[in-house]
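Worksheet: one structure, shown below.
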Amino acid sequence: MTKYALVGDVGGTNARLALCDIASGEISQAKTYSGLDYPSLEAVVRVYLDEHSVNVEDGCIAIACPITGDWVAMTNHTWAFSIAEMKKNLGFSHLEIINDFTAVSMAIPMLKKEHLIQFGGGEPVDGKPIAVYGAGTGLGVAHLVHVDKRWISLPGEGGHVDFAPNSEEEAMILEILRAEIGHVSAERVLSGPGLVNLYRAIVKSDNRLPENLRPKDITERALADSCIDCRRALSLFCVIMGRFGGDLALTMGTFGGVYIAGGIVPRFLEFFKASGFRGGFEDKGRFKDYVHGIPVYLIVHDNPGLLGSGAHLRQTLGHIL
């Protein structure tokens, strides 16, 4: 008889839950719930389990916030809870709450070739470190290493490192944003809101007044080639995305590959392919040759967070991935 575990991927807006076959890692019965409709994460889990008439003893839920102890307070939501108390209330034997990019990194060993699009470089080197990052509401970063038949995710808040301009234009953008918001992290330019920041700074650098645009508006106008400022912002986004990925590659020697996740890049895939992304990735001066062969992949799996939550839990329970 198939034994299932509960897996989840929770962001500031929605909670996506599913079942994971503990033996195979296969994900099924995925369903998305609006976080605004429920008073707590526990309430959502109970509704899901009732709807699917399934008894589970184990669970792993990825959440878009730092996980530093038993108490979890979501960054972009009002939900807050004790992991131990939630585990007890649900009657689970195991309940893991992990960072969302920990989950994405743990999905990488489970991905197949059809789940990836490669952007330059050669073949990944087995046993070498891996980096994963992605732009969405924010900028998530994690690394992954393989030690003694176990995958170990190294989470962090790499999206909040300093934005490092590498041209006169970018230096001007930094100056404008710094005057507005103070500290300018990489996330302030590599995210949905970051794309808006780039657009606004580009327009203001020319002493003009920017329109009140959403990330979606900027992308659509850039792809339609109907707004030169929007197109420049999206082009710059791709280049900076490349340089940031190259920074991750240098920091950990990620000859196992660099992986891009998140919901933004797939929305303009053809534009991204033709952009200066790879040039930005390899623009490392004396260390260009060092990163030249490192492959970069875009993850196109529908639910890497759920897949990785399942992989993390299965490994915790003693399975070899």
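Keep in mind that glycine also has a Cβ here, set from the backbone N, Cα and C atoms.
Summarising the annotation, Swiss-Prot assigns ATP binding site to Gly8, Asp9, Val10, Gly11, Gly12, Thr13.
Other Cβ atoms within 10 Å of the Cβ of Gly8 (ATP binding site), summed over all protein chains shown, number 24.
All protein chains included, Val10 (ATP binding site) registers 26 other Cβ atoms within 10 Å of its own Cβ. In the shown protein chains, 16 other C-beta atoms lie within 10 A of the C-beta of Gly12 (ATP binding site). Taking the mean position of the Cβ atoms of Gly8, Asp9, Val10, Gly11, Gly12, Thr13 as the ATP site, the remaining same-chain residues with a Cβ inside 8 Å of that point are Asn14, Ala15, Arg16, Gly35, Ala62, Ile63, Ala64, His77, Asp100.
In sequence order, Ala15, Arg16, Ile61, Ala62, Asp100, Ala103, Asn303, Gly305, Leu306, Ser309 constitute the residues six or more apart from Asp9 (ATP binding site) in its chain with CB-CB distances below 8 Å. Counting only residues at least six positions away in the same chain, the Cβ atoms of Ser34, Gly35, Leu36, Asn76 sit under 8 Å from the Cβ of Thr13 (ATP binding site). A coil conformation is recorded for Thr13 (ATP binding site) in the three-state DSSP classification, outside any helix or strand. All chains included, 22 other C-beta atoms sit within 10 angstroms of the C-beta of Gly11 (ATP binding site).
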